[in-house]
Ligand SMILES: CC(=O)SCCNC(=O)CCNC(=O)[C@H](O)C(C)(C)COP(=O)(O)OP(=O)(O)OC[C@H]1O[C@@H](n2cnc3c(N)ncnc32)[C@H](O)[C@@H]1OP(=O)(O)O
Ligand SMILES: CC(C)C(=O)C(=O)O
Ligand SMILES: [Mg+2]
């Protein structure tokens, strides 16, 4: 094929790998182009501008801002981002069509550092079924369109779509043509997430061995995650000589997504010992970018997602919490601060131990003596067994409740069962220990709380008036703890009781009994030997 050799004129403003720093890996973010291609992930212009701004500040080398021929909106977004970007190269995608390329150039030309990215399918499936072209026709198209792009812009990226399913000898031929036509970056896409790490590396090695001049271009790797290997495949390509990783925040992208930026960047940072490559990214902006993309795209990040998932730096098991409190490195391979989180989270739950519970109380400013601590821990475990998440507010309620129940209460609840629902009667079976002796009773009421209070009143008759009965959920959700407050008045004297439990009726009855104990205490002060009957 007759092509003009342009390998001697690399793009003047190309973000190229520094010859003095051969281990520098460029980060090409395509959240706004390939990421937005996820069904349902369409973003507004303002959201795109915000995301581009944080990528630019983070030090992303190249931002693929959109596909300008796709729509007026895409064209506008790419143009605006091009005008706004301070540091990053701004790239627009174009098919192997002069109209697409002209449109992409019109959008990116405003950038300090513009790039045109043009692509065409090269695999047999794509040639035959998508393009209806033979091998030679595709080669001619590559030559024609890459040279057209290069005449407009001195920074041109070319991609053989579905490269990993393209015959290797033909892939080599296409790359030779693209370089001769002026491409400055050669991207090798694993369009359908089909390759595996060893093959991903071998493709790059085969190209480097067989394409003269490729070593003067940047070689990029663009992986999809259909088999969950996008990160591994990208890193394998880097080990074989690729120096640009194409990725998206949160791995957003078509089907199972693209390589996740946060994964490759942190993998290179954490395992520098075995992968001596680096990026220029400010990783402390990763969490902000992740949250921004999740909100804009409407794709929440899965809890256990590497690096940016809610649980990525959270520990619930007692043994892990104990280790992390002694030295975070026991169970953490990177610092939460490195990705922009303030600290790792000790998630309190049924797997937590005393070390974490003590640390949590300290955090909450709660100081308990040894016995009170042991008792609180037992109650915390019981609560955690009945509740999925134990929040700080639950623990505060639990401690307050403990503090308000005096150790020498004369009335204690031994057991309570209520029957409620549609149809009457609502009844309660209650056993109270009064001065150490168990008493059992059954009572009915308008509802389960009324029945439980009536049962208490049968065993502990009194004339105090219930002035307040209030229920609050400590946190949202059907497993939220209820905090119940009751206020009783007798002869102008007010006593209160407060209790928390995941069962509202239990919390109510305990709060009521606490208030009655306080009433007993008051009366005891004036008549120390008074019997438990509170009836005046
Ligand atoms: C792997 C990737 O991520 S590739 C990027 C995929 N992203 C997108 O497609 C999002 C934006 N796309 C769009 O808005 C539209 O598809 C447009 C504007 C690009 C094209 O729209 P239409 O002209 O209506 O074409 P349509 O989408 O129906 O079909 C795609 C056409 O592009 C052709 N085509 C596909 N890839 C290429 C390519 N790299 N170079 C040249 N032509 C191509 C197809 O053969 C087909 O042509 P045909 O209509 O002659 O058969
Ligand atoms: C446009 C190309 C690079 C692409 O996104 C792919 O092949 O996955
Ligand atoms: Mg892609």
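If you go along the chain as it appears here, the first residue is 1 and each next one adds 1.
In case you wondered, yes, glycine gets a Cβ from its N, Cα and C as well.
Lifted from TrEMBL, the feature list:
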type    : residues          : note
BINDING : 34, 222, 224, 258 : Mn(2+) binding site
DOMAIN  : 25-287            : domain 'Pyruvate carboxyltransferase'
REGION  : 1-20              : region 'Disordered'
REGION  : 412-536           : region 'Regulatory domain'
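Features per TrEMBL, on structure.
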| residue | record | DSSP (3 states) |
| --- | --- | --- |
| 34 | Mn(2+) binding site | helix |
| 222 | Mn(2+) binding site | strand |
| 258 | Mn(2+) binding site | strand |
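Taking the centre of the Cβ atoms of 34, 222, 224, 258 as the Mn(2+) site, the nearby residues of that chain (Cβ within 8 Å, site residues left out) are 30, 189, 190, 191, 223, 230, 246, 247, 248, 253, 254, 257, 259. The local packing around residue 222 (Mn(2+) binding site), expressed as other Cβ atoms within 10 Å of its Cβ over all shown chains, amounts to 28.
Listed in sequence order, the binding-site residues among 34, 222, 258 whose CB lies under 6 angstroms from an atom of ligand 2 come out as 34, 222.
Across all of the domain 'Pyruvate carboxyltransferase' (25-287), the predicted model scores a mean pLDDT of 97. Other C-beta atoms found within 10 angstroms of the C-beta of residue 34 (Mn(2+) binding site) number 24, with every protein chain shown included.
If you take the C-beta of residue 258 (Mn(2+) binding site) and look for same-chain residues 6 or more apart in sequence within under 8 angstroms, you find 30, 34, 35, 222, 223, 224, 225, 230, 246, 247, 248, 251, 252.
Of all Cβ atoms in the shown protein chains, 25 besides its own fall within 10 Å of the Cβ of residue 224 (Mn(2+) binding site). Each residue in the region 'Regulatory domain' (412-536) gets a DSSP state, and the totals come to 35 helix, 55 strand, 35 coil.
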